[in-house]
Structures are given as C-alpha cells and as structure tokens.
Number of protein chains: 2
Amino acid sequence: MPVNLSAPQASDLLPISGVRIAATEAGIRKAGRKDLTAFVLAEGSSVAGVFTQNRYCAAPVQVCREHLTAGHDIRALVINTGNANAGTGAPGLAAARATAATAAQLLGVAPQQVLPFSTGVIMEPLPFEARIKPALPALMAQAEQAEAATGQAWLDAAHGIMTTDTVAKAASARAVVDGRTVHVTGISKGAGMIRPNMATMLGFIATDAAIAPALLQDMVQRLADESFNRITVDGDTSTNDSFVLMATHHAGNTPVQALDHADGQALYAALRSVAQQLAHAIVRDGEGATKFITVHITGGKTKAECAQVAYAIAHSPLVKTAFFASDPNLGRILAAVGYAGIADLDQNRIALYLGDVHVVQDGGRRPEYREEDGQRVMQQSDITIRVDLGRGAAEDTVWTCDLSHDYVTINADYRS
Amino acid sequence: MPVNLSAPQASDLLPISGVRIAATEAGIRKAGRKDLTAFVLAEGSSVAGVFTQNRYCAAPVQVCREHLTAGHDIRALVINTGNANAGTGAPGLAAARATAATAAQLLGVAPQQVLPFSTGVIMEPLPFEARIKPALPALMAQAEQAEAATGQAWLDAAHGIMTTDTVAKAASARAVVDGRTVHVTGISKGAGMIRPNMATMLGFIATDAAIAPALLQDMVQRLADESFNRITVDGDTSTNDSFVLMATHHAGNTPVQALDHADGQALYAALRSVAQQLAHAIVRDGEGATKFITVHITGGKTKAECAQVAYAIAHSPLVKTAFFASDPNLGRILAAVGYAGIADLDQNRIALYLGDVHVVQDGGRRPEYREEDGQRVMQQSDITIRVDLGRGAAEDTVWTCDLSHDYVTINADYRS
C-alpha cells in the first residue's frame, strides 16, 4: 500500500499542446498489460535529459546520450517496460538502436530524432524482433493520429511505464509566463532500485512553454537535483535512470531565457512542483513502504556533507526497520550520523529532532525526552527526522521510506 | 538458523595461560542471562586494540583509547551486554570510567589498567549504579580466583557477550614458535549493525605467546584488516566496534619481533585463522542469514577499488534479497558493480562468475550461460561471487550474507 498516495485521475492531468501519446500491449514480458509507450513531439520542440551515473548503464541510456548530443530536434520517445536492456552487451545496443530507427522510419524522421528507454529485468535479451518491432507500426500511427495528449492519454502512459509500481505516478501544474498560461504535466515510474544519481528510474515532464534551448539542460539538471536526486528507497542506483524535460513552445510566450527573473521563476516553480510530486510518489510507492520519511540535515559546513549524512540515515537498514516497527530506537540514527564519513564531526554538538520532539542535545539524550513522545511521532505515516550537526549553516533534505517484510517479499519474488 | 555454523564446544577451546575469565548475571537489560564478563590478565601481558571509525563512538571506546595510550600494562577487561553506552553524553562517559575504576580498585591496580566494553541498545543510560557496580565485587573475585581460563570459561565468556547472536562464537589454534607450542583462543559477538571499520562489534583474542609490544599494534591492525574489516551484514558501522589482542607471554618463547620470519609467520597464521573464523561466524550468524556469500573481486587497479566494488555488491539490498530467494537475478550484481563509484570503469571488460559458472563475459551475458546452471549454484548455502574488472591485477574479498524476512523481524523487534 503506498503511503498517503492516491492514484492520479485523468481529470487532474493537463493536456500539453504539441505532445501526443500512445501506449500498447506488446507482450514484452507479461501478457495483458501496456508495456510499450510512445511520445510524439511537435516539430520545433526542445528536449533535454539527465541519465544514470551508473557506469554499467543500459543500452538505451547510451543511445539517448548519443542522440541528445547529435544536435537534431528530438521528435519521439519510445519506452518499454518488462526488460531493462542492461548488461546485454553489443546485441542490446543494436536492439536499442533498432527501436529508435524503426520508430523514426515510421515517422519519417532521422533515427537520431528518437530516444529509446527501457526498464525492467536486467541482463535478459530485449525481444526487439519478436515483440517490439511488430508492435511499433500501430503504436506510432496511433500516436501520430492522437489529439494533443489528453489527461487520459497521460494516465495511460503513466501505467504503460510501470514495473513494480503499485500506483501510476503523474502530476500537473500551471504557471503564468509572459502573460500567458503555460502547462506542465509529467509522469514517472519507480519503486525499487532507487537511489537516483542524476535522475530517477524514468521521469518525463512536458510543458507547452517556450524555453530557450540553451537553458533547458541547466533546468533539467537543477530539477533533478531538487527532486529525483533527493530520494532513495534502497540505495541501489539503477542502470536505466533517465529524466527528460520536453518543451513544445506551443504556448506562444517569449522563450524563457533565464531562471532569475519573474517568468523563469514562475515556470521553474511549476516544473519543480511536478518533479517533486513525481519523486515523492516514487518513495511513497517504494517497495514495501509503510512510512514516508523526510530526512532534513541542518547545521552542516556544506550542502554536500549534509547530503552525505542524510543518505547514511536514509540507507541504514537498521534505521529503516525501526521505522517499519514504529519503534523510536533513535540511537540507530546517531550511529548512522557517526559513520557517514565526516572525519572531524564532533558528536557533542549533535541535536536530533523526531517530528516536533527534541530528542538529543549536545550529543546525548535530553533528560526531558520521554519515550512516549517518540512513540507518538513514530506512529505517523509521514515523519520528519531532523539532525543538526552544529558546525555550520548548510542544509539538505532527502526523502526515503522504511524497510518492511514486503520489501523482501517483492524483491525475492520479482522475477517469478 | 546460522549458515553452516555449529556452536563451539568447550573441548575445542584451548586454555591460555595467564588469562582468567568470569561471567555473571548482572540483570543489565534482561534477567536470567550472563551479561557481564571480566578478563583478568597476568602481570606483564601486552594488549593492543583497534576500534570503530564511527565518529559517534561509544563512551567505553573513548575510555579504551585513552587507557591504551596511557602506557600502563592492561590487567583487566570488563564487558557488558544489553546496553551500548553510546549516545549517552557526559553521564555515559562517567559510567564507563566508573566501571573501569571500580574493577581496578577491586584488583588493586590503576583505573587506566582496565578496559571497559559495552554492546547493546544505543542511547539508553548505562545502569552502572543499579546493576554493574553491585555485580563487580563477586565478578572480579571470581575471575581472580579462577584457573587459567578453561575451554568452558571461554565458552561462558562467548555467551556472556552475545546480543542478537544465536550462536556463541569462539575458536582456537596452535602454532610452534621458537620451538614451543603456543596457543590462541578468541571469542567474538555480532550479528547486526555489522560493517566493521577497524574491528567488529566485539572481538577478543588471547595468546600465551610472547610478542614484542611494539609489534602488537601492527599485528592487531593487520589481523582486523584480514578478518573483521572484511565482513558486512547490513553496512551499518557500529558505535562500539572493538577488537583486542592480548599476549600473556606465558609460553616462554623468545618474543616474536617481526612477521617476516618463520616464527612470526607461524604465529600470525594461527592468529589469522582464529580471527577469520570469528569474523566468518558473525556473518554466518548474521541477522536472518540463510546464505554465506564470499564476494571476490579480481582484475582491479588497486585493492581499494576492489573493496569498493565488493562492498557495493555486499550492501545491495537487491542482490541480498535475490540470494535469499535463490534467484539468479544476476543483473543486480552488474548494477552494483556499475554504481560502486569507479569513474573510468569500462563495462565491456567485466566478467562475472557465480560459483563455478561463468555468467558474464565482456560485460554481457554469455550465450552459453544457462539459467539452470545459475539456479544450481544459488541453491547452495555457501556461495562465491567473483567479478573480474579487467583493468589490473589487484584483488580483494569481502564476506556477507543475504537479506531475509527474519532480518526485518529481528530488527523491527529488537527492543521489544
């Protein structure tokens, strides 16, 4: 059961002019579910992306990187689930290229104008010839003929990219830019193997706003750093993490050139709102999650060391199982702070707050702290841990979930 | 159920002349179990130790470090379970000092000649006045009057330092040094919060061999690096990790001065055999463990990068749950290799072996690999993963276990 996360409704999702979507059942791994999704973008759209830092990156990630730097306008995205096309060597790379080339041919564009994405099991051959190739003609035709993607089409796409997700993930926002209303809609997927480092498993956000292409790459990077790069479920960075931002320029505004004026700020706020909702949804739907945990570190010398401490806490199986048990066994948090790798950390300056309860002061348990106060907070399903390092003014936040029996069940059974 | 690990028998454990042991029920956390143990060492013994790198180190670790550098001969160790005396601030430090001072007074030695150790729940006040102080007179008298610790006394001590361990951990070895037989016996405890970085939760090894005090610190560090520093259960480095090597010099050999001659090598081999057995026993008894996994990385540029990759695999919850399920979902291992942090890793040079099965070559699945071969190895309870990085001649090995439902149960319930 996802933590305080309800399924998005088609009526909540804003169409984005210039984006058309189709999803189909290609039978890649399992029958009877949508597992192949296509985005077709209007001519003149701008696209930027960030990808996994995993050195063992999947074949489609390699192809995306090539195509995004080739300098052609991107006109389509093709996304399959059921198979990650990672650890598949030269045949896997060929299959990713063939996916892009086949879709491109059907659309009458160059292969470099299509981005392929895959998610699912690692190290299995991608069934391009058997499953994907036969499904592409109808899929691309359906996408080309579609209306500007409706809320229902976005919702279908959100379902079409799911793997172990239990709830589809989609969100929308509006902003006023240059006197015009612009629209933002995005989808994401992911529930396990989540410690994105540049991006999540898969995230796609589109806007009809015009954005200077030179700004788009900075924008997607900054968005990732404030959303998908601040979540973790199990500390495993996927081979396939990809986050793509698409701007169709259909809203008719003067292109946004920078983030430091009112229009840029308004647009960025709408994009960040969608990106953070999508990122939080991944944690709330984290495999086996029963609690959504915000880890907020303050008083650090640098933002980087705050992140380091936040991840040490967020990755500790002992902290995560204590939260699953609603047990305020908070010494485990102190232990994680201690091993986070800050060499000159002074344990006597550390403070710890659980929700609104001040637990630790000057490195030791406060005499006023009562176990029942900790217990009260631990019963909640949305909990904030705050640790003050007492050595500076920097801060950072990471979002994570607990570690439950269901995490083990899901991951022990994933392939069966 | 520990993995291929049976309880040690008193008859397997060699007495060490110059070491006396007692253990008692002080009622520190739970009634009816031995939770306070004392070692008393003959005059002239040499002692060295290595301790947790956790910056949030427990009060007794701070006191041990002070006492070992004070330059007095160490004459006794006092070890309690049930309470880690960590995250306890100034009162915790005072309680650790009082434990040492009280034991010292009873023995008629200086406080700096006693080392205190604690293990158990973090951030609870140590009940020194209520539980430890009243128990010390009888405990120290019993230790002083004991024979040179018998096998049964070592076994009692191994039981006396347990927390979530299901099996006591103890081992012995002999060596011939300078024409005389010398003896080595050790005990350890630990099952969770295990990613020692200098030492394990608690490990104590004694020998009657004479060893030059100047060599002892090097020896304990090297022993830790080849045993306790190469295991991980859950990646959590404890606040209390301590590993102590004691030499009573009672065997009458000319003191061993260096490791690079025959006597030094023979003694070191016996010590390493005991240290590795104790370290492996911790993994075999790892919380919820059903499999003992050796992660062997070869073909690295440096030993450090091999360790980095080995730990990434050994800490991946996805790898560990796959092993629990006996599912050869080996792409998860490749993903962990990829995110281990080697920036210039070439994925096309990686090879992966599961037991005797060659799974991956040149970064991709071998055409000859058959799932049933992987399945066959996964059914075993002792499994070796070997990854060749294809970039050098360095190698390293880490030992770990799988991640099961019982790990979650044990850690969700630990305090209840």
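Each residue, glycine too, has its Cβ placed from N, Cα and C.
The feature active site, nucleophile is assigned by TrEMBL to B:T200.
Residues or ranges marked as substrate binding site by TrEMBL: B:T163, B:K189, B:T200, B:E287, B:N411, B:S416. A coil conformation is recorded for B:T163 (substrate binding site) in the three-state DSSP classification, outside any helix or strand. Taking the Cβ of B:T163 (substrate binding site) as centre and 10 Å as the limit, one finds 21 other Cβ atoms among all the protein chains shown.
Note on B:E287 (substrate binding site): other Cβ atoms within 10 Å of its Cβ, all shown chains, come to 27.
Residue density at B:K189 (substrate binding site): 27 other Cβ atoms are found within 10 A of its Cβ, drawing on all protein chains shown.
The Cβ of B:N411 (substrate binding site) has B:G192, B:E287 as same-chain neighbours under 8 Å, each 6 or more residues away in sequence.
Using a CB-CB cutoff of under 8 Å against chain A, none of the binding-site residues from B:T163, B:K189, B:E287 qualifies.
In the three-state DSSP classification, B:N411 (substrate binding site) falls within a helix.
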